[in-house]
Structures are given as structure tokens and as C-alpha cells.
Amino acid sequence: MSKKYDAGVKEYRDTYWTPEYVPLDTDLLACFKCTGQEGVPREEVAAAVAAESSTGTWSTVWSELLTDLEFYKGRCYRIEDVPGDPEAFYAFIAYPLDLFEEGSITNVLTSLVGNVFGFKALRHLRLEDIRFPIAFIKTCGGPPNGIVVERDRLNKYGRPLLGCTIKPKLGLSGKNYGRVVYECLRGGLDLTKDDENINSQPFQRWRERFEFVAEAVKLAQQETGEVKGHYLNCTANTPEELYERAEFAKELDMPIIMHDYITGGFTANTGLANWCRKNGMLLHIHRAMHAVIDRHPKHGIHFRVLAKCLRLSGGDQLHTGTVVGKLEGDRQTTLGYIDNLRESFVPEDRSRGNFFDQDWGSMPGVFAVASGGIHVWHMPALLAIFGDDSCLQFGGGTHGHPWGSAAGAAANRVALEACVKARNAGREIEKESRDILMEAAKHSPELAIALETWKEIKFEFDTVDKLDVQG
């Protein structure tokens, strides 16, 4: 062994920088944005990322002789400049598929981002995109139902779904919470929702909330003749409690439940998605905590990666921001990861932040959910941006109506149907937005009041996390 094994430390780039390598269709590809410490060559930084996220360690080890390192190692095969940032660069790394457990997003993320982000040789590191090979996608369960099945279950076609988050998000008793749900649904909404942090607090235990909400949903259905639903948040402190809540929602004949997939974790989310698939339940996904991970433009994980991972882990709806509301997100970036939620094939398109072609095969799509600081004036833009396969959720834009939640719901329903009708007639709904809404308001006093109430409410802040494109 001593004749074959050279102990010591060698540069990462000697093994993991392979510019001649041509990625295989079965490779998992990742794009990292890297900013190294001063004086460290780019190739060494990129190779260090490839090594630490695959087979490498800081020292040469004798046990490498017991396996085929050339087969299993990650390979940095390309480096690119980042437009507008002379310190940063993109490192493209190919990983052989055998490095990952089949169907395990938890394992993929543990490998790619689990340890390497703490490297001293790096000042910043960000995972910008992943190309999942179709061979891996076929091992994932994906959405429990998908867009087509969800529309059939809810009997909603030809327009976005319309919903709202119950406000105030915390502090209501179960009975009063149910009353607010009823007011929204009878006013014209399709769905209402628990907020991300309503679980089972002293002021409102989860079982109490579920029972009053179920009563409200069924009463609204009887009055309106429409299928209604409420996203019952089953997120809990243990997996056992998570499933107990899901089972009770099923007993109440509720069509949809909810999970906070980042705080709850991918293992819990995949398990819940599998349960929903077996039990005929729709699954709404909230992205609480995402901005801690994805908002810094140089460090963390881009939301397009988190969105792709969610589609593989499982969910029928996912919050994506609004572009026009109170939350971070520019239009092109948002369209990029909406494509990856809904389409069967998404081509590389740097103008939308997509670094790779992504083939989703036959995996069902996910509804994009627009929620956060939106109101009736935003309706034309939301329809233009998100299209029909989306869910538009107006929380304050429903409950803040001067006449109450039912009137706010009615205003949103009239605005949505007016915009859909105008779009279907060939009108340019964003350019003609004011005319379309004002025409509809002539026949809806609820909409007229809503337009007056929110006519000056805008969220015009510069985007922190911008696309890296040549200007």
C-alpha cells in the first residue's frame, strides 16, 4: 500500500477541476455563485466546493484506494464571470447520480449545501440552480395530485383560484376564526387559509379550529352551491402530531391541508405528501423561513432551487411571492421558478434565472400561489403574471374592506372575473387595468369601495436579489 498511497495535502483543483468533462444526462448539475477569499484562485475555490459537496476532504486518505474516486467525485467543469460583480463567479459542478439516495431531497441538500458553506476559503457561496436528471425525478413522488386533479376536485376552471389568509393571523378563538372563514367563503372566495404560524396555541387549539372551520366551509357550500375549502395547517412539533392532524382533517371531510415545508423539513413534507396521495387530500405548501435562506444575493440558496425541491418532495400549491405586493421578487425571476413549478420542460433562460434545461417528465405541476400585500388594483397584473394555474390570495385585501370580509371577498371575485372576461376578449389587461376595474365597479358597490380604499396603496421598493444579467 505504501508504494501506491501518497500521504499529505494536495490542491483540490488537481482532482476536482475538470474543464474537459462533458456532463452526462444522468448527472445532477449544480450552479454555485462563489466569492473566494483574497488570493485564492477561482479554480481552487470551485474545486473545493465540488470536493466538499461530494467525496473530498482536506487531506489525502488511504481509504480512497478502497473505492473508485474517479467515478464518484463531483467535477467542476465550467467557471463563468458574474455580470456586474468582479469578485464573484459561477461554478458549474456535475455530480454522478449514485451519490444520492433515490427520491430523497433531504439527502441531495445535505450533500450539496450541508457543510461546504462553512468553508474558510469562501467569503460567500450561493446555490443558484440545480438540474435534476430525469432518472432522479422518476424516483420522487412529486405533487400528490397536481393542477388537473385539483381543478377537478374543486370544480374550478378557466380562471385562477381565489383565496385569502384569515386575519388577524393570531389571537382569534376557534369559533370566531370559523366565523371569519364563513364570511369570506360566502362572499365569493374559493378557499381560505391558516397563516403559517397558526398551529395549536393556547388561544386556539388545533382541534377546535378544525371543527369550527369545517362547519363554516360546509355552510358556505350549502349557501353558494360552490365547492369551498380551507387550508388547515397541520404543521406540528412531531411527525406523529402532524399525521394526527391530517387524519382529523380527513375525518371532517375537508379537501385540503397545509404544511410549512421549510420549517417542517423535507423529510416531514415528503411523508405528508405521500399520505395525501394515498388519502385523496390536496396539499397546500407555505414557504415560511425561505427569505432567511434565499434573499441574500451572494449567500444561501436561491428560491428557484427551493421551488424545484418542493415539486419533487410534494405539494399541490406553493407560495411564490406576488411581484406587485409587499414581498421580495422581481417579475422575470418569479416567472422563472413559476415555470419550474408548472411546466413539463423548462429551457435554459438566463433572463429568467434558469441556468439549465430542466425536464420534468410526466410529473404533475404545482399551483403558484400569489400572496402578500395585494388588493383589487393588483388584479390585472396578477392575472397577467401568474395566469390561470395559480391561486391569488388577498388577506388584508379582503378583511380590510370597510364593509367587512364578505364584501372584500365579493370585490375580489368581481375584479377577478372582470379581468378574466377582458383577457378572453383580447384586451390588454395591464394597460387597460383602470378602465376594466372601473367598468366592473359600476355594477358592484363592494368593488367600488375597495378601489377607493386602496387606490394609493403601493409597495414600490427596489429588489434586493436581482438577476445577474448584462445591463
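Residue 1 is the first one shown; counting continues down the chain.
Glycine residues also receive a Cβ, built from the backbone N, Cα and C atoms like all the rest.
According to Swiss-Prot, the substrate binding site annotation covers Asn115, Thr165, Lys169, Arg287, His319, Ser371. In the three-state DSSP classification, Ser371 (substrate binding site) falls within a strand. Neighbour density for Ser371 (substrate binding site): within 10 A of its CB lie 24 other CB atoms from the protein chains shown.
According to Swiss-Prot, the active site, proton acceptor annotation covers Lys167 (among others). Counted within 10 Å of its Cβ, the other Cβ atoms near Lys167 (active site, proton acceptor) come to 16, all protein chains included.
The Mg(2+) binding site annotation in Swiss-Prot covers Lys193, Asp195, Glu196. Around the Cβ of Asp195 (Mg(2+) binding site), the same chain contributes Thr165, Ile166, Lys167, Lys169, Leu170, Asn233, Gly395, each under 8 angstroms and 6 or more positions distant in sequence.
Here Swiss-Prot flags Lys193 as N6-carboxylysine. In sequence order, Gly163, Cys164, Thr165, Ile166, His230, Tyr231, Met258, His284, Gln393 constitute the residues six or more apart from Lys193 (Mg(2+) binding site) in its chain with CB-CB distances below 8 Å.
What Swiss-Prot records for His286 (among others) is active site, proton acceptor, and it gives sequence analysis as the kind of evidence. Look at His286 (active site, proton acceptor): DSSP puts it in a strand. Of all Cβ atoms in the shown protein chains, 28 besides its own fall within 10 Å of the Cβ of His286 (active site, proton acceptor).
What Swiss-Prot lists as site 'Transition state stabilizer' is Lys326.
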**OP:** Report, as a single number, how many Cβ atoms besides its own are within 10 Å of the Cβ of Thr165 (substrate binding site).
**Re:** 22
Original post:
About how far apart, in whole Å, are the alpha carbons (Cα) of Asn115 (substrate binding site) and His286 (active site, proton acceptor)?
Top reply: 26
**OP:** Write down the Cα-Cα distance for His319 (substrate binding site) and His286 (active site, proton acceptor), rounded and given in Å.
**Re:** 6
Subject >> Among Lys169, Arg287, His319 [binding-site residues], residue with fewest other Cβ within 10 Å >> reply: Lys169
